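Peer 1: For reference, the structure I am asking about is given below.
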Amino acid sequence: MYYQILVIFCVLVFPTPSNGFCGSRKLNGDLARSSTRAAEFLRGKLEENFRFDPEYTRAVVIRSLRLAGYTVDMLNNLGTNLDDLANELHQQGLGKISTGRIAYYVQGVLSICQDPRAFHGHNLIKRLEDGIKAYPVVGFNHPFPYSLAVLSLCMSGHGEASYSEYALKIRNTINQIINSTHSKDTVAMATMALACMRDKTKNDAICSNVLKKTIKVATNWMMTKQNSNGSFGNSITTAHVAKALLSAGITPNRWNCHKALNFILQSQGSDGSFQTYIMSTAQVMPVLIGAIPSDVTQLECPRNITAVNKNPITVCVRLEFLTTSSDGKLGTPPPPVSLTVLNGTNTYDILVLASKQHDCYKFNTTMSAWGNSLTSICGVAKDPANKKYWMIYSDPTTLTPTGIDSYRPKDGSCVIFKYEKLNFR
């Protein structure tokens, strides 16, 4: 239930280049519910340790769930090992995996806030750049994976020196496609790659001009291919084109966005999937919340507590009894305790360590919707009927901004637990 609420909330606030959604409030609500069902379908596959085949599908699923609002910690708590992304890399070696698949891995690694240049000893960016330069070769000779690879490289923040070369090659591809094979999926992926490069090109006016003109040609062509029912093909193609138009910054009133998204909604199965497949669901789900692949680079990453934790800090813990307990006695505080802990240790764990040095620091908590809540310390229990509670202070006069689970004292500070009577009605 928590995950469902979070996904719906993210639908309402997720920023996109074109202000997200199109259509009525009812459509927005339908999209929110649809994205929740799709996320539940994908989450279930991760939670049950589903065997992803091909393995790179896991990277696409993780990327899509991150775009839907899942944090790295939430994904880890599902019981899945995010480092499983490295399995195929270890088993086959980078040289035997196609550049198109490497592109998906790069997006997955970026979405879990790791560096694709050093992912379990693999430099995915170098492999990606080498593969793009070698195009076309056996296993990597179609413009769709080429555009996907350029998009992933752009998302990583690398390769800008070659943007002009990539832009010209994609421009030629688009010109060939719109006059022959009519592959809307490929034009959509190419447009997303062009839009990413456009947004990151700063000092090359010629390249910027090529990008903008090519995007205009591609988007105008795609908009002419919309069917009367709102689709651009099946639900996957429609989602690809919608993401491309969003990436390019095309406002919803220039194409029938409402009908396109309604078409996608109608293709969702009762299990939350699209076309019953994991990959198709992972590809479609982002557009339900107005997200595009490049949004991965804007996601919040957890603070690097692991690196900080290598530095030990010193904190003290002390108790103060400012009012009598339920038996009418005023408690006698134990001596303050000085502890050496890892930076980033929370107050709960600090109090556990203090209790090992002096019995009076032994405590009890109850789990609430807001985390652990102190019920007693040193045998003195809170007394709600008389408004007496254990309060946590970061210094003699300042209450901690958060509770026992999330407050992490700084080096040299003292955590003060005060038993006091509160003045509220």
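Cβ atoms here come from the backbone N, Cα and C positions, even for glycine.
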Peer 1: Among ASP115, ASP130, ASP185, ASP349, indicate the single residue that TrEMBL lists for the cyanocob(III)alamin site containing ASN234, GLN283, LEU399.
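Peer 2: The one candidate that TrEMBL places in that cyanocob(III)alamin site: ASP185.
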Peer 1: Pick from CYS154, CYS257: which one does TrEMBL say forms the disulfide with CYS196?
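Peer 2: The record-listed partner cysteine is CYS154.
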Peer 1: Could you count the residues of the domain 'Transcobalamin-like C-terminal' (374-421) that DSSP puts in helix, in strand and in coil?
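Peer 2: Residue counts for the domain 'Transcobalamin-like C-terminal' (374-421) by secondary structure: 3 helix, 25 strand, 20 coil.
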Peer 1: Which whole-number value in Å describes the distance between the Cα atoms of ASP185 (cyanocob(III)alamin binding site) and CYS154 (disulfide bond)?
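Peer 2: Cα of ASP185 (cyanocob(III)alamin binding site) to Cα of CYS154 (disulfide bond) measures 19 Å after rounding.
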Peer 1: Radius 10 Å, atoms counted are CB only; among the binding-site residues ASN234, GLN283, which position scores highest?
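Peer 2: Per the Cβ count within 10 Å, the most buried is GLN283.
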Peer 1: Using the alpha carbons only, what distance in Å do you get between LEU399 (cyanocob(III)alamin binding site) and CYS154 (disulfide bond) once rounded?
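Peer 2: That separation, Cα to Cα, works out to 45 Å.
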